[in-house]
């Protein structure tokens, strides 16, 4: 594959894999602990479904199972897991991943179990997608290590939620089949039964099981295990209330009802009415209980605010068929109904270029006023670098429709370009200076000042030799990390590069201008150059984000500090971290909240007819 793969020692490979196994184990154990934080584990039945599997060499045994690990081991470590929405498939996949990580941690030469979702699949190379999915699901895993494991087939592949690939399901299965033919790996694939019907099954999946709803007695026993009056009341509902038990026997709703019975032990969960009304009531109480955890929202927010902000996020995700939300990758037209032309028109090139002109003119005027009494030859020479860097920043951050805001991850110095530029400038000055001094009828001080300005024009040099580098789209970083880092890089650049520019540029001028004039020039140059560096190296995209968040706050879609809101929602388990993204604990919860979205003072929006009808 790559040279670095063959050059790495086997011991270092094993060490890297053990570290990765520990990372995956910590993430999956945390997810499992959140799922069962207030309720006991639920034992689910797995029923053999040979009609949904690929033809095998021998017919699989037609029997029920209760242990996902047992099924995985007895089927040759290639399993297709199917079931209804809210049936417990993701929990089973997480349990299996935890078991496999613990198993691999005991081995001398482990492979890495990875639990990934295909929501970001848009075709192309399966190997490339898998590397990106691993890096994104487990921030901190180096991309080259993930590529190495995929190339060497040193992974256990657990793909949760084929249905999240949408219309790309068939293409995903085709590429997965090709990947497994090229080099088999242990694999488990889960999907909703309705979304899997009619698809071509990869040949590796010769065994399929379907998650079965718990029986009535099992559901009653589960409610009684909670040990509260509310749990006992739920268990004692008559079997003739089929609407209740059809709802309560769904594994997702079973866990939600048990959670409510555990957290509000004296408040019955029952409600009369249709199944839809009961489902909405139970899910609404669940969301309210999550919001009120740990004292509820922080000061300045109300529970109604948090509920409305979550409802808008859920509505936006559903209208775009998005299962995950990447706050660090939003396009400039994310809020098109709030900012009618998107960020490529607001604040707008005209406004920002006008501001750049005013900044340059103002800085140049200050320099002229301070320096002119001492050195009349210097006028508005300060304009060029200020205007150049500011306009360059505006153009580099100009967003077309759908373009992602370009956050800065780091600042990289292009040494070759810088050295060539400095050498060219120095040679030109050395060769031309004697002739210019002899032929031009101007004061030597004025000529030397001009040469010093030209040679020391570090802002212009920076614009061509230093670049702001963004983080790759699916490179692993926690939600919000890229936005926070872009702001931090902008301030570091402003406070370091700006003064360096001023010192480097004015050091050449002291012999000609004198200390007083040079000091006055250096001060104004340091301030304006620092501001330019802030714009160029990460500050401009943070302003674009700030414009979005302020527009959201003005229209009731979220607070101004949207990252703090996402952090709060994650800490209250209303949202969960999925690599670099956040997602709702389940699609049912997302859809329930989406149905509740309504801008302040307007009627409820409801379910949109399609993505194209009202794009945010």
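Note that Cβ sites are derived from N, Cα and C of the backbone, with glycine treated the same way.
TrEMBL labels come from automatic prediction, so no person has curated them.
What you see is a predicted model, and the numbers here were worked out from it, not measured in a lab.
Your range for transmembrane segment, going by TrEMBL and the list 373-393, 394-414, 520-540, 541-561, is 520-540. Per TrEMBL, the stretch carrying the note transmembrane segment among 315-334, 415-434, 575-594 is 415-434. Within the listed segments 469-488, 489-508, TrEMBL records transmembrane segment for the stretch 489-508.
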